[in-house]
Amino acid sequence: MPSPTTRHRWPRRAAAALTGLALAASGLTTASAAGAAEARPATTLTVTTAVTTAEAADTPVRVNQLGYLPDGPKRATVVSASTTPLPWQLRDAAGQVVASGTSTVHGADPASRESTHLVDFGAYTASGTGYTLVVDGRASHPFTISAALYDGLRADSLGFFYQQRSGIAIDASLAGGAAYAHPAGHLGVAPNRGDTDVPCQAGACDYRLDVRGGWYDAGDQGKYVVNGGIAVWQLVNSFERARRAGTEAALGDSTLRVPERGNGVPDVLDEARWELEFLMRMQVPEGRPLAGTAFHKVHDARWTGLPTRPELDPEQRELHRPSTAATLNLAATAAQCARVYAPYDAPFAARCLDAARRAWSAARANPDLFAPGSDSTGGGAYDDGQVADEFYWAAAELYATTGEAAFRDTVTSSPLYTAPVDAFWWGGTATLGRITLATVPGVRLPADDLARLRDRFTTAADGYLATMTGQGYAVPIPADGYVWGSNGSVADNAVILAVAYELTGQQRYRAGALEALDYLLGRNALDRSYVTGYGERASENQHHRFWAHQNDPSLPHPPAGSLAGGANSGLQDPVAAERLPGCAPAACYLDDIGSYSTNEVAINWNAPLAWLAAFAAERHSDPQPGTPAVLVDPASVTVPEGGSATVGIRLSAAPAQTVTVTVARSSGDPDLSAAAELVFTPATWSTPQQVMVSAAQDGDAANGGAVFTASGTGVRGGSFTATEADDDTAPPAASCSVGYRVDRAWTGGFTATVTVRNTGSSAVSGWTLTWSFPGDQRITNAWNATVAQSGAAVTARDGGWNGTLAPGGSASLGFQATYGGDNPAPTAFRLNGTPCGG
């Protein structure tokens, strides 16, 4: 069980990964390839003396055990005391030599305390499985070369979040088998005592809140706004990046194993919404002290044992007092939500923006609500007494979403504005705001400031490349950067490399990001893939209360795609302290469930892994670096119903020859339309061409939204969003009552009837009834209304023929649904936005 004072939240020095940052770019070391060489008995290779026998490596030839992209870097590290180059062979699955050469002597690697050589076989690009690299007679683990290499990891690393969901039954068909299924946890069903009616710690508040849902944070079952914020931001940002690249379909609807698949919304956004809904539930309600702020966290009053199934946790749950850091995490992520979800669910996007504005105002009114570091009984403290970075991040997100001058002024007056890009983590979030300002289309900043901001990314990325070049394993953290959650730092720093690639198209930054994945997947001092299910020698006993097979064989190992925390020279748990004394920093790791300081899982580590896997998977068919990009200004436009608006489209650079850019709607409200074919020549590329976006007249009062792409052969695609400003009169508010009746129930399923009655004195013409399930109920079919469900939220619209409710009149709809555990009835209904009585 984790100690109350040493959690993966403990180390503060993620920023140490920028130690020694170089100001000039440095090329990756490459080995010269000689002709074919005969393998000979090993005389100079050693496995390693850097680790204990508990984690001794299998082979001195360290590779990415998953494999390599055909067009990506392909390097390996070899542990050897030899001071002269060694012969190497790349062999296919049949054992035939397909490439060969000699290694480059790198020498001492301080982080691993090993003597190393580098092998570069990047010139070989043929796809296949079962490759091995043989150096001086010793073979690596087998690996694959394929353009589709990271497709599975993209899905599994994102699937991790579904399995970390709280408040919903985990479905065997979605989770990978019966071993991973379990009833919903923390819905107040005995022996659980939350999270639908949670009291505060003594002195924090005198009321209770429904804070169900969200993701369990890590190996424990606490839920923390500050860590949830950075994790959900990275999932949504991954979709934003994919949309800019024109590859958002890879994260689109029905691409992941989530219950919401098939609802017309990109699955990664469905998953992120599960956390966003929780974050908004953590906001202090209006009329209460500190209204608009966010409670810092919710978790058990005492630490639970290992293992503990989530549905069997008997401890009392508690809300911990609001904090400014949590409030600004809510403001930032809800503002990001407002712009990204608008084309798919405009009411939800509007609710996000309202939550963001209220959180921003509350944080400004309460800038010094700091979570105490001593509050670590039953959960991590996540204390953060420096919130200038959170203010900057939240303002950047709000400005990117709204374009309002007040938020722009806050951004540009901040001392963090265009400051050097540094490593980010849950306690240091300024770089998240910088990523948004530098990459989200349509953000209006002075041209010189924007150029300086983007230059900061390349400077930081060049520093990481310099750090990698000086190491035997090409890791974007320094030798003293192996702290708690070091793998999360590796992944986060690789995200900065990938952002630099997006901004410049320079291949060295993409290569650096991919080599960081090499490290996580086996090219490291321990010859270990830190990602469960990926690689011949992958971790499988990460610290987790349900995925606890090592402690209880009836429980599963962590699912594929789960990232271990990684080497931690602090040895901050008893198991590591006992078994790893004197370990080299890069070798301070144990695949043991008891080593929580090296082997826990966490949402803020899996989020950058998923971001990188999506980047690697979606970039393998990109145009060559330097290809002109399609630029759209503005990146979002509001169109009056029955009217039109325009956007300007041009290229970022001259194309080699005439190109055609096609504009088309990719998703969203069909009432919004824009279709055009624009021709750009080497002489006209910089002249914006105007595209008209139209909004058709419709009969509803909703503000629809849509996403449009602008793409073509020989260019990097762009996109923009459009929102319809509806001019129809909203359906009248109604006095109403609702009856909810379960008609028939069986194990795992039921049918129900909902009857809505107009108790007012005026007829209601056209009705929409909404409610949220308090449990994990999922509607599978319905009658007498058009019903849609997203997470717990249900929207039922009249069927046309029953759309008029006379005074005293009623309409009924029915549905069939599934559930796990208990089946509590919803208690709050709204008719056309107005609360109804029972």
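Glycine residues also receive a Cβ, built from the backbone N, Cα and C atoms like all the rest.
What TrEMBL says about this protein:
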| type | residues | note |
| --- | --- | --- |
| SIGNAL | 1-36 | signal peptide |
| ACT_SITE | HIS543 | active site |
| ACT_SITE | ASP591 | active site |
| ACT_SITE | GLU600 | active site |
| DOMAIN | 729-838 | domain 'CBM2' |
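With respect to Cβ neighbours within 10 Å, the active-site residues ASP591, GLU600 differ, and ASP591 shows the lowest count.
According to DSSP, the domain 'CBM2' (729-838) comprises 0 helix, 63 strand, 47 coil. Model confidence over the domain 'CBM2' (729-838) stands at 88, taken as the mean pLDDT rounded to a whole number. All protein chains included, HIS543 (active site) registers 30 other Cβ atoms within 10 Å of its own Cβ. For ASP591 (active site) paired with HIS543 (active site), the C-alpha to C-alpha distance reads 9 Å. Counting only the Cα atoms, the space from HIS543 (active site) to GLU600 (active site) is about 4 angstrom.
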